[in-house]
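What Swiss-Prot records for this protein:
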- Gly68, Pro69, Ser70, Gly71, Cys72, Gly73, Lys74, Ser75: ATP binding site (BINDING)
- 1-10: compositional bias 'Basic and acidic residues' (COMPBIAS)
- 14-24: compositional bias 'Low complexity' (COMPBIAS)
- 36-277: domain 'ABC transporter' (DOMAIN)
- 1-24: region 'Disordered' (REGION)
Amino acid sequence: MNMAESHLDPSKLATGPAGAGAATGQRPLAPLNAKIEVKNLNFFYNQFHALKNINLSIPEGKVTAFIGPSGCGKSTLLRTFNKMYALYPEQRAEGEIVMDGENLLQSKLDISLLRARIGMVFQKPTPFPMSIYDNIAFGVKMFERLTRSEMDDRVEWALTKAALWNEVKDKLSQSGYGLSGGQQQRLCIARGIAIRPEVLLLDEPCSALDPISTGRIEELIAELKSDYTVVIVTHNMQQAARCSDYTAYMYLGELIEFGETEKIFIKPARKETEDYITGRFG
């Protein structure tokens with residue numbers, strides 16, 4: 001890409017189903033099957049303006065990756081989707097995050113129900129201090145009344161979906177703390193999908209794992225997109241290229257470019273994106 005390409009007509013900067021509205025000043029085109037639509041989103045930590053006029057559409061049934069240097073706002077953006085910031089009164093979001101026609105930022109929305117619809121897995125594995133079985137059953141009991149047989153089936157289903165069942169089926173009564181780091185992360189994924197969310201958020205799920213465990217998580221992500229809309233934050237650009245269908249590049253709280261992952265990595269529309277991907281920046 002030559003220097004002239006960084007000064008293209010803004011209307012031609014979209015590289016996929018949604019362009020970089022923050023970079024062009026225009027509302028990106030929404031994909032026909034958008035699961036989540038972010039409209040003019042701004043986020044503040046007290047007076048610090050962390051996200052600036054983000055416009056973005058998350059395609060349904062796909063894996064979308066957020067990439068960018070540390071502090072660019074990618075994890076902050078991810079956590080607005082299920083209102084993780086609601087625990088902290090000094091943090092606030094303005095704008096719209098729309099899913100199924102409903103603005104998720106509305107204060108009257110039940111937080112527990114929202115987080116049942118939009119599950120989340122964090123950077124560090126966080127098993128509950130209880131048995132493997134109860135780690136899975138705990139969240140389910142909050143939203144459904146199942147018989148013991150039905151719960152057994154749900155636990156097996158979730159652990160199977162997370163590619164963990166065969167490794168733990170004979171020790172379900174044992175503590176989740178006894179599992180390896182990679183197994184604990186898959187347990188957390190199983191716990192997240194056990195309540196059957198529509199969207200699964202993954203905040204750097206492999207950063208604390210060894211290469212073998214990372215490979216298994218990446219394989220799992222590829223399988224999960226057949227049932228869920230997946231959004232992943234990663235510092236690992238190779239991981240984004242391997243796992244995602246769409247990629248958003250962020251810098252200093254702004255969305256610089258968004259599009260199909262292959263196009264973002266092979267022929268980005270913005271020079272800033274190219275500089276980051278090729279290692280000349282960040």
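The backbone N, Cα and C atoms fix where each Cβ goes, and this holds for glycine too.
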Those binding-site residues listed as Pro69, Gly73, and which of them has the most Cβ atoms within 10 Å of its own Cβ: Gly73
Nonlocal residues around Ser75 (ATP binding site), in sequence order (Cβ under 8 Å, 6 or more apart): Phe66, Asp203, Glu204, Val233
Cβ within 8 Å of the mean position of the Cβ atoms of Gly68, Pro69, Ser70, Gly71, Cys72, Gly73, Lys74, Ser75: remaining residues of the chain near ATP: Thr76, Met250, Tyr251
Entry from the binding-site residues list Gly68, Gly71 having the most other CB atoms no farther than 10 A: Gly68
